[in-house]
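K.L.:
Pasting a structure below so you can have a look.
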Amino acid sequence: GFVVGHAGLYQALAMFAVAYFIIGMTVLSVCAIATNGALDAGGAYYMISRALGPEFGGSIGIMFFLANVCGSALYVLGLVEAVVDSFGIPPGQEAGSGVHVLPQSYWYELLYGTVLLALCLLVCLVGASIYAKATFLIFLIVAAVLGTVLVSFFATRPLKVPIHLPHFNGNETDNGFFTGFSLDTLRHNLGGGYGVDYTTGQMMSFSSVFAVMFNGCTGIMAGSNMSGDLKRPSYSIPRGTISAVLFTYLVYNLLAFLMCATCNRILLQKDYGFLRDISIFPPLVTVGIYAATLSAAMSNLIGASRILYALARDDLFGRALALAKKTSASGNPVMAVIISWLVVQVVLFSGKLNTIASVVTTFFLLVYATVNLACLALEWASAPNFRPTFRYFTWHTCLLGIAGCCVMMFLISPVSASASLGFLLLLLLALHYLSPSSTWGYISQALIFHQVRKYLLMLDVRKDHVKFWRPQMLLMVQNPRGSARLIDFVNDLKKSGLYVLGHVELQDLDMLPSDPLQAQQDSWLSLVDKLNVKAFVSLTLAPSVRHGVRQLLFTSGLGGMRPNTLVLGFYDDEAPQDGLARHPAFTNAREEVPVGFPPLRAPTTPKLLSAREYVGIVADALKMLRNVLLARQLESLDKAWELRRAASPPPTIHVWPVNLLRPDSARYADTCSLFLLQMACVLNMARAWRRARLRLFLCVEAGTMPHAQEEKLRQLLKDLRIQAQIQLVPWDAITRLHWQTCRGPPGGPAEEEEEEEGVVNFPTNTTQVSDEYVCAANKLVLEQSPAPAVRFLYLPRPPADTSLYPLYLHQLELLTRGLGPTVLVHGVSAVTSTQL
């Protein structure tokens, strides 16, 4: 009557259509989730948390708990209004007559509400079985009352109903009329005629009336909330919920039409208990109103307690909800019921039903939107295990349900909707950072997988362009205990590219009962998390390290995301140091190093690979057209200290883009030199290294016009948009040493063997470079002061003759001896661009 009196028949039918469209879409989603596996206590909370994960589940669980709590208070206040309407002393009278014996005031009505709520509490404390019996009895009473009301519309003769208006309108009385079926009455009630709500004194509107009306439709979750107490929830919830929705929709529409055709607007607007006045048996209507509101109040109270119990049992809020876990011997969560009752009691202080209606409606709409979101996410994730037996839904129905809920939320009360969303966001963030990880499975992972697969298929390697090149690193790690700072350094060097930590386990699967890598995987992933590096982990079994690296170079990555650069630690005789325990990630946070990594090799223990095999890995990578980086003494790089040094001078990165082992063919603009420049620049672009300055060393000889070379190099840097300081370094004395020991004269075949892009050739002058020359080159690099944070040097190709591999490695060791953190770089692909 309240809805039809203010909104008129047309708008009332539109409200029912909109409300039932929203809850209809939601019911389809509820049925889909409810029939996709075993349900436990918690209803909508259980569905959402197991579908969307603990963050969404926990935050929506709290919102749904509050919605049920406020809903229970709302129905208790509705019951108080009905009781006062029947037995209250009329306004302006000091004593009542007949049955009108209850005093009316805020505190008296609060007392009545408290007593009625205590009755609900007693039923809920006994348990779900007595609640089920009570609600079934109430259902029969309400059905009988509804039958008599429908008969009364036809059987009752036209009559005048005196109406006593509430205290803020003084002692005014008005008359409402029950006209019986009248076309004139129906015509007057078709359009809207919003007036003042006599219980609150507020002017009504479409949104405020819809907010009150929608609370009559929120019972769709009553069955779901009892999911833990049902014998077959997957069977009962769809059938019970759908039949209840259809039944109530028909009843509401039928009542709306009958009221519009028989009651004038004054009666509908100013006497919400008018059905009692026109009934053939008035006391039965009173009993029906009491039964319906009491049933709804109990339903919301027991629903709130079950949600609270499920939240407490899942430990999402830790000790805050520990008390709510306690149950009776029969399994009834009595403490959750008592806590819910206390919260409802607090809400009762709001005083009037229509005051909290918009808040309750907003909460329910938000929960319904999230149920639809959960179903939509499951459908879009296309997980093979999402196959509900209820099939009458699509992602379109989920999307329509979400849109309908969101639109109506903001139409009803923009303030309540914004506040609810803000509260939800705060809960989401709190649970994301504070809640323990769950074993329920995260829908986000399924959605991410779905999207990543789609975009990986779209990532076409044939469309690669040098303008958009980025380093994609495969770092080989034998034991993370000795490589923590190197792992950190390569993370800075990847520039948003792919980063893979590779490890080769030297075992034969034929001789093992199971794959030993499965047990190691968790330790490596934990290491990645603790070091806070954005890396994947790729482990393999192989008979030798070289075979294992080949496997990883061939198989790591997916589609267009494959490593293009191999990074190795340097092969020398230095004893490995355990840098993992001293890494800031563990020392600052006082966390333990992940278990699963063996102690470092003792200095006397032989290495797992020979010098020849190590150089063979470098040669293999270059044959596969992978760039190669060899990192020496990176474990001595204290990045935090280097970059926190006094602002003047800032830390430096030294770059030597010339092949110091081949002074007879030194060039600054070949593919390898440009790649070396690019890597130094990429490091400088990393956030932690932005204070550092690049220093580029130009080796010049007398009589070669050094300034012209410098200008040419400066122009190249300008074209490449690389900011670096160029420093000229005379090296006549060093090259003289080379020519003294060189087997062939300048301009001979050795000088003609220049590396061309895309051409695989091998320098043959490895034996021509003496140790004396290499030591002099090492000294030249070392003398450049101030000492840098890190040095980048040119890495020559390994010789074609494999017997020269040990000599090649020996010369690299001499060249980088005592230089501190050093990266030897060899590039095989063009990576710089001067184009837009």
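Cβ coordinates come from backbone N, Cα and C, glycine included.
Automatic prediction, not curation, is the source of TrEMBL annotations.
Sharing the features that TrEMBL gives for it:
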type     : residues : note
DOMAIN   : 1-474    : domain 'Amino acid permease/ SLC12A'
TRANSMEM : 12-35    : transmembrane segment
TRANSMEM : 56-77    : transmembrane segment
TRANSMEM : 110-131  : transmembrane segment
TRANSMEM : 136-155  : transmembrane segment
TRANSMEM : 203-223  : transmembrane segment
TRANSMEM : 244-267  : transmembrane segment
TRANSMEM : 287-312  : transmembrane segment
TRANSMEM : 333-350  : transmembrane segment
TRANSMEM : 356-380  : transmembrane segment
TRANSMEM : 392-412  : transmembrane segment
DOMAIN   : 485-573  : domain 'SLC12A transporter C-terminal'
K.L.:
Under 8 Å, at least three CB pairs between the transmembrane segment (136-155) and the transmembrane segment (333-350) (pairs 6 or more apart)?
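P.N.:
In this chain the transmembrane segment (136-155) does not contact the transmembrane segment (333-350) - fewer than 3 Cβ pairs sit under 8 Å.
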K.L.:
Taking all residues of the domain 'SLC12A transporter C-terminal' (485-573) together, what is their mean pLDDT?
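P.N.:
The average pLDDT of the model in the domain 'SLC12A transporter C-terminal' (485-573) works out to 90.
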K.L.:
With DSSP as the yardstick, break the domain 'SLC12A transporter C-terminal' (485-573) down into helix, strand and coil residue counts.
P.N.:
38 helix, 22 strand, 29 coil
K.L.:
Looking at 12-35, 110-131, 203-223, which one has the highest count of Cβ pairs under 8 angstroms to the transmembrane segment (56-77)?
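P.N.:
Selected stretch: 110-131, with the most Cβ pairs under 8 Å.
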K.L.:
Excluding the flanking five residues on each side, which residues at least 6 beyond the ends of the transmembrane segment (244-267) place their CB within less than 8 Å of a CB in that stretch?
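P.N.:
For the transmembrane segment (244-267), the nonlocal Cβ contacts are 1, 3-5, 8-9, 12-13, 16, 20, 23-24, 27, 146, 149-150, 153, 161, 163, 174-182, 185-186, 188-190, 193, 216-217, 219-220, 223, 274, 278.
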K.L.:
Would you kindly list the residues that approach the transmembrane segment (203-223) from elsewhere in its chain, counting only those six or more residues past its ends and only Cβ-Cβ distances under 8 Å?
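P.N.:
For the transmembrane segment (203-223), the sequence-distant neighbours (Cβ-Cβ under 8 Å, at least 6 residues beyond its ends) are 2-3, 6-7, 11-12, 15-16, 18-20, 23, 26-27, 30, 43-44, 64, 67, 71, 74, 192, 194-197, 230, 236-237, 240-241, 244-245, 248, 252, 296, 299, 303, 353-354, 357-358, 360-361, 364-365, 367, 408, 411-413.
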K.L.:
Which bits of the chain, at least 6 residues beyond where the transmembrane segment (12-35) starts or stops, bring a Cβ under 8 A of a Cβ in it?
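P.N.:
Cβ under 8 Å, 6 or more out: 3-4, 44, 47, 51, 206, 209-210, 213-214, 217-218, 220-221, 224, 227, 233-234, 237-238, 241-242, 245, 249, 252-253, 256, 260, 365, 368, 371-372, 374-376, 378, 388-390, 392-393, 397-398, 400-401, 404-405, 408.
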K.L.:
So what's near the transmembrane segment (333-350) in sequence-distant terms, Cβ-Cβ under 8 Å and 6+ beyond its ends?
P.N.:
65, 68-70, 72-73, 76-77, 110, 113-114, 117, 120-121, 124-125, 301-302, 304-306, 308-309, 312, 323-327, 356
